[in-house]
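As written in TrEMBL, here are the features:
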DOMAIN    A:26-136  domain 'PurM-like N-terminal'
BINDING   A:ASP28, A:ASP73, A:ASP209  Mg(2+) 3 binding site
BINDING   A:ASP28, A:SER43, A:ASP73  Mg(2+) 4 binding site
BINDING   A:ASP45, A:ASP73  Mg(2+) 2 binding site
BINDING   A:ASP45, A:ASP120  Mg(2+) 1 binding site
BINDING   A:HIS52, A:ASP258, A:TYR300  substrate binding site
BINDING   A:GLY119, A:ASP120, A:ARG144, A:SER211  ATP binding site
BINDING   A:ASP212  Mg(2+) 5 binding site
2 protein chains.
Amino acid sequence: MPSEFDLIYRHFAHLGAGPAVELSVGDDCAILKLEPGERLITSLDTLVEGVHFLPDTFPEIIGYRAVATAASDLAAMGARPLGMTIALTLPDAEEFWVHSFSQGLAEAVSEYSLPLVGGDTTRGPLTVSVQVMGAVPVDQALLRSGAQVGDEVYVSGTLGDAAGGLAFLQDEWRPSRDAAAYLVERHERPTARLALGQQLLAVATAAIDISDGLLADAGHIAAASGVAIELESAALPVSPALAEAGERAITWALNGGDDYELCFTLPTGVPAPEGCVRIGTVVAGEGVQIDADIDTGAGYQHF
Amino acid sequence: MPSEFDLIYRHFAHLGAGPAVELSVGDDCAILKLEPGERLITSLDTLVEGVHFLPDTFPEIIGYRAVATAASDLAAMGARPLGMTIALTLPDAEEFWVHSFSQGLAEAVSEYSLPLVGGDTTRGPLTVSVQVMGAVPVDQALLRSGAQVGDEVYVSGTLGDAAGGLAFLQDEWRPSRDAAAYLVERHERPTARLALGQQLLAVATAAIDISDGLLADAGHIAAASGVAIELESAALPVSPALAEAGERAITWALNGGDDYELCFTLPTGVPAPEGCVRIGTVVAGEGVQIDADIDTGAGYQHF
């Protein structure tokens, strides 16, 4: 007999169709189609209330954000999206909550072409686990490990916005009204750069999405590739809204997580895609260095 | 900086290798290889303490059982296993618990050829979500929807054992010591019938794994196929251990969940694989009927 929570899941059943979906929710498993010569790309991300999002976050935001953050891992590999499953743990089955959450999901399903092909719903503290599945041509996935000495380092978009938005939401900073609205939107509704990732497939030597902050994530590329990365503080792209924070803007650009922009490396001479800017160089050595004496937080080298 | 829970996850890193794994834990996503002409088969199952397993269940059992129950969905589709990801929510990072859990995982990874290629670990009430991925040749997946009037209905193994074991654990029934040991093992360490599922790919018209109980799951085949299923009570396979329960054995065989045997339909004349027995027939109509006036629980037809 279906439980209250099975019934909830049916609210999401209309989100299950997509070009790669041969069978969606309703049998023991879903069936997804990869094209000849493609590999399956998959990642799992869990968001927990109070850890990965603020308590009382609007459920539509939670639904959208859970998918966007997981989709960002597909973007970082250059994958084209196939579909996803969601394990949802809820304290209760309040109809408003479920409806609003499903609206956020629906937006993300559509924006990222990630049909919801399976899931499970259980009772407990609010937790959303999203498993995304995508595909790349064999041997073409964007890894963290391919950066070469001499490559240039790039990022998409602007950095630190999500951290600035969070600081405003937590009453730690008062930007102008317009800046606050922009930064909160960047925090709550990050954009997974799926199209950019696929565009980079043919040209980038390494890539990662910025979830832990630029220094940490550039550090992951450096470690996996066995190289060092030198960043140029003057080159870091900061939005006009974040620039209202003065010096803190650069700190957030370096350490703020949750931007979900892509950081990637290109061989010298390869033009960067539109909307991306060069922020540094790959050199011999290890770790990440930056040319400014600024507060980069604990645990990172700077000079 | 890695959290306590990231460190836990590293306990599982050695479980990530397998023939289909091109890239395991450590980058933004894992990469899995399907063979030409195959389709991706995927399913998600969540186990919550106190709902899907008893509180204070030994962690090794939880680890093994979480994988086996998810793998059972691959078996029901006839899929060959590729790999899995696990979203683990834990109240704390107690080392004994993590070690014991990882031993159960390791056994299941090996037994079911399901390398652990990704995951996420968060703090909260004990919850284990396992997403399994497998592959089948195009258009060959075993669905619930293919049963034809005139087909014969079969099950693997014996039915009701897990329910009998649970009744013993909950002090509702006192079988002999040997029977109790056997039935508890069947409850705690169910076997996913992956090899059988793949063997059935070429011949079965429909299949499902028995997680909700035979009547419920045969009912899912009947509903999806637009047919009725007539079961023969005398044909239901019951283990000697469960037979100690007398009449309750048949009730458990019909309604007990968590056996994870396969129920499937074969055209008349097709020989059943070893270890499977015929338990009924597919006829015109709808629902599931049984030829005995026994307590089949609420919600099911019988005559």
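Using the three backbone atoms N, Cα and C, a Cβ is placed for every residue, glycine included.
Sequence features, as recorded in TrEMBL, placed on the structure.
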{"residue": "A:ASP28", "record": "Mg(2+) 3 binding site", "DSSP class": "coil"}
{"residue": "A:ASP45", "record": "Mg(2+) 2 binding site", "DSSP class": "strand"}
{"residue": "A:HIS52", "record": "substrate binding site", "DSSP class": "coil"}
{"residue": "A:GLY119", "record": "ATP binding site", "DSSP class": "strand"}
{"residue": "A:ARG144", "record": "ATP binding site", "DSSP class": "coil"}
{"residue": "A:ASP209", "record": "Mg(2+) 3 binding site", "DSSP class": "strand"}
{"residue": "A:ASP258", "record": "substrate binding site", "DSSP class": "coil"}
Candidates A:SER43, A:ASP120, A:ASP212 (binding-site residues) - the one closest to A:ASP258 (substrate binding site) by CA:
A:ASP212
Of the binding-site residues A:ASP73, A:ASP120, A:ARG144, A:ASP209, which one sits closest to A:SER43 (Mg(2+) 4 binding site) when you measure Cα to Cα?
A:ASP73
Binding-site residues compared (A:ASP28, A:ASP45, A:ASP73, A:ASP212, A:ASP258) - the one with the fewest other Cβ atoms within 10 Å:
A:ASP212
Looking only at A:HIS52, A:ARG144, which of these binding-site residues has the biggest number of Cβ atoms within 10 Å around its Cβ?
A:ARG144
My list of binding-site residues is A:ASP73, A:ASP209, A:SER211, A:ASP212, A:ASP258; which of them have a Cβ under 8 Å from any chain B Cβ, in sequence order?
A:ASP73, A:ASP209
Could you check the binding-site residues A:ASP120, A:ASP209 and say which one's CB has the fewest neighbouring CB atoms inside 10 Å?
A:ASP120
Of A:ASP45, A:ARG144, A:ASP209, A:ASP212, which is closest to A:ASP120 (Mg(2+) 1 binding site) if I measure between C-alpha atoms? They're all binding-site residues.
A:ASP45
Recorded ATP site residues A:GLY119, A:ASP120, A:ARG144, A:SER211, farthest C-alpha pair in Å:
32
Out of these binding-site residues, A:SER43, A:SER211, which one has the fewest other C-beta atoms within 10 Å of its own C-beta?
A:SER211
Helix, strand or coil for A:ASP73 (Mg(2+) 3 binding site)? Use DSSP.
helix
Counting across all protein chains present, how many other Cβ atoms fall within 10 Å of the Cβ of A:GLY119 (ATP binding site)?
26
Rounded to a whole angstrom, what is the C-alpha distance between A:ASP212 (Mg(2+) 5 binding site) and A:HIS52 (substrate binding site)?
12
Whole-number Å distance between the CA of A:GLY119 (ATP binding site) and the CA of A:HIS52 (substrate binding site)?
20
